[in-house]
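See structure below.
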Amino acid sequence: ITKIDTKKFIENLSGAGKCIGVLTSGGDAQGMNAAVRAVVRMGIYVGAKVYFIHEGYQGMVDGGDNIKEASWESVSSMLQVGGTVIGSARCKDFRTHEGRLRAALNLVQRGITNLCVIGGDGSLTGANLFREEWSGLLDELVQSGEISEEASQIHSALHIVGMVGSIDNDFCGTDMTIGTDSALHRIIEVVDAIMTTAQSHQRTFVLEVMGRHCGYLALVSALACGADWVLIPEMPPKDGWEEQMCYKLSESRLRGSRLNIIIVAEGATDRHGNPISSNAVKELVVRCLGFDTRVTILGHVQRGGTPSAFDRILASRMGVEAVLALLEASPGTPACVVSLCGNQAVRVPLMECVQMTQEVQKAMDEKRFEEAVRLRGRSFENNLNTYKLLSHRKIDSELPHSSFNVAVLNVGAPAAGMNAAVRSAVRVGITEGHTMFAVSDGFEGFYKGQIKEIKWGDVGGWTGQGGSLLGTKRTLPAKHIDKIAEQMRIHNINALLVIGGFEAFESLLQLVDARSRYEEFCVPMCMLPATISNNVSGTDLSIGADTSLNAIVETCDRIKQSASGTKRRVFIIETMGGYCGYLATVGGLAAGADAAYIYEEPFDIRELQSNVEHLTEKMKTSIQRGLVLRNENCSENYTTDFIYQLYNEEGKGVFDCRKNVLGHMQQGGAPSPFDRNFGTKIAAKAMQWISKKLKEFYREGRVFANTEDSACLLGMRRRALVFQPVIQLKDETDFVHRIPKEQWWLRLRPLMKILAKYKTSYDVSDSGQLEHIVRLRAKDISAI
């Protein structure tokens, strides 16, 4: 990927005189509305006219009232609504030449030459064909006298940018499509509910999830709930799978499990292409094992409901990016798709993605299954490998025996997803041949000797549990360093896995510092960031932050609803996060807040004043409510009470105020699918790293590791998971305020302001490069 880096700012991009049409097409997906809202507001912000094209391509062909100009207010309250407000339809007419001719006429009559299409691969392929035919269609319209030669000249090029809205995540070239995360939320809610009843009756449940050609939903939900077996189209089970599956189910019952969960993608087949239905799986289990078995088909529940925080942020980022791509397009620019790679927004040529997606199907049809998995991309392959690692317990005689002891502990405040990480670490550790030890209550339990061996079965069912089952404390090791060294010696601990937040980072630094005095700490150590505040250096995301964002967004939705009932009301909501403004900012973007006050971006009385004036103006429109988020430590003097009283006083006669402190509800709850998955994957990767380091540092019958790179933090950095020595992260950290010195999400703040109608400076240097899909070679995959 080649990049030319020059600073570019939104102020220099103008949409004046441009018309953008936005449509949703194909199957609906949660988050489409957030994308439509972002396109409309960003388009209007840069001075363009934006049109809704209702009912997808059908509306484009039919014209008339289906194509309407959008206003700022017309997309208000859309953010929290599932599906698509502007409608979507499967359209036969657009597949015909006459249909596309009528569509071209309808667009030219309104001066629309920029299209933003939100849909699946069929919708995007159709858009590209339309673009290729455009000049020919205009020539036909000129010949038939329906448009003038002049109009044909002015509208000579059609620009297209796609966003992928599909719950199946079946589109190559993007890590996540809009709607996938919300669909996983629906599936996991159902699985969690089913688990309690299955447990009561010792039942086996077969769950059928969507995914005719793509097993992403089945695979990730199986990973997130610790399912016993999963059947997906990309990797059909080997012949003789029936006996294998039944053996696995009965073995888990013998080990004391009271339930089994089997997840089947609706498109699952065997190696010979014969479909495997959920009923067939049920009959098999009943016939072979006699277990009480039930089938649940989730169906359209997966498409429904409100979009998750992740989908709202993804769609908002993509919508803004799509408008930028349209502004920068020249007649020769190929149609592109805005997508997500790791945590990075990118643009990729639409047809390359479509071809790659079709190649996956071709590989599956030709029974080249390994190839199909590889073509699906790194994220899919990584999920599959992690699932295989965790679900199939090897018989003790098959396990390598390492004679190493590895201890796992939680440090700091609880974060949802910690348990999923512990489960994954324990099981991968056992598979690697180590003896795993669990430490209760962080370093406090460590010095008191609360350390015991933890086995495969002890962590069953942990993925869906919130909080920390091991127990966690904020105690740092420095005070009790000699007692901790003694416990390391007593239990002969050869490696440490610490899962936690800022305290975990500080703890690791203290242990590394103590290496010169205590040889016991000269062992490989790894830290996994788990904190709702997302305030640890060396990682863009932490386990627990996504669950917390969803809690904030859900509450904000309810509050907005109450405010729209009473009219003219502004809510001031205080979020957690210490000095880190991540939850306030990203929560603000996902909930459609008018402002978010954070420590990292100092504000003064003038800014508070301008926010009040902005809200006063807003109350004159049809949107008579306001939402303001405030991070708990954003300012010593401008407290939540102060801001509440100021708004109340200044807004007298125009709006009234309410305040709400969200508190510890942000820390609790069942972990979101993202946190379960993220925790599971990084813990598995960390254990493999620990195994490698143990072999590397094993000399003359003992482990001795005192290099910088033997104490690392595993974090997500833009596009990859990387191990970084904690010593090196020291310089990147502000220890007084417990935050990293540089934080990527600050770049999202201007988006929040633009979508709330504030004029602001926005550095768009990060976007604008068209990248090509590169086939990942084996060595690239290992870096992920």
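Cβ atoms are placed via backbone N, Cα and C, with glycine included.
TrEMBL annotations: computationally assigned, not manually curated.
The region 'N-terminal catalytic PFK domain 1' annotation in TrEMBL covers 1-392.
Annotation source TrEMBL lists domain 'Phosphofructokinase' at 20-325 (among others).
Among the features that TrEMBL reports, ATP binding site is placed at GLY27, ARG90, CYS91, GLY120, ASP121, GLY122, SER123. Within the same chain, the residues at least 6 positions away from GLY120 (ATP binding site) whose Cβ sits under 8 Å from its Cβ are SER25, GLY26, GLY27, VAL164, GLY165, SER166, ASP168, ASP170, PHE171, listed in sequence order.
According to TrEMBL, the feature substrate binding site maps to SER166, ILE167, ASP168, ARG203, MET210, GLY211, ARG212, GLU266, ARG294, HIS300, VAL301, GLN302, ARG303.
Sequence annotations record features per position, and here TrEMBL assigns active site, proton acceptor to ASP168. Cβ contacts within 10 Å of ASP168 (substrate binding site), excluding its own Cβ and spanning all protein chains shown: 24.
Per TrEMBL, the feature domain 'Phosphofructokinase' maps to 405-690 (among others).
What TrEMBL lists as region 'C-terminal regulatory PFK domain 2' is 405-784.
Residue environment of ARG569 (beta-D-fructose 2,6-bisphosphate binding site) contains 21 other Cβ atoms, counted within 10 Å of its Cβ in all protein chains. The beta-D-fructose 2,6-bisphosphate binding site annotation in TrEMBL covers ARG474, 531-535, ARG569, 576-578, GLU632, ARG658, 664-667, ARG738.
Nearest Cα neighbour of ASP121 (ATP binding site) among the listed binding-site residues (MET210, VAL301, GLY578): MET210. The Cβ of ARG303 (substrate binding site) lies under 8 Å from the Cβ of GLY27, ASP28, ALA29, GLN30, GLY82, GLY83, ILE167, GLY179, ALA183, MET210, each on the same chain and at least six residues away in sequence. Here GLY578 (beta-D-fructose 2,6-bisphosphate binding site) is positioned 51 angstrom away from CYS91 (ATP binding site), judged by their C-alpha atoms. Most buried of the binding-site residues ARG294, HIS664, judged by other Cβ atoms within 10 Å, is ARG294.
For the binding-site residues GLY27, VAL301, SER533, the largest tally of other C-beta atoms within 10 A is found at SER533. The distance from the Cα of GLY122 (ATP binding site) to the Cα of ARG212 (substrate binding site) comes to 14 Å.
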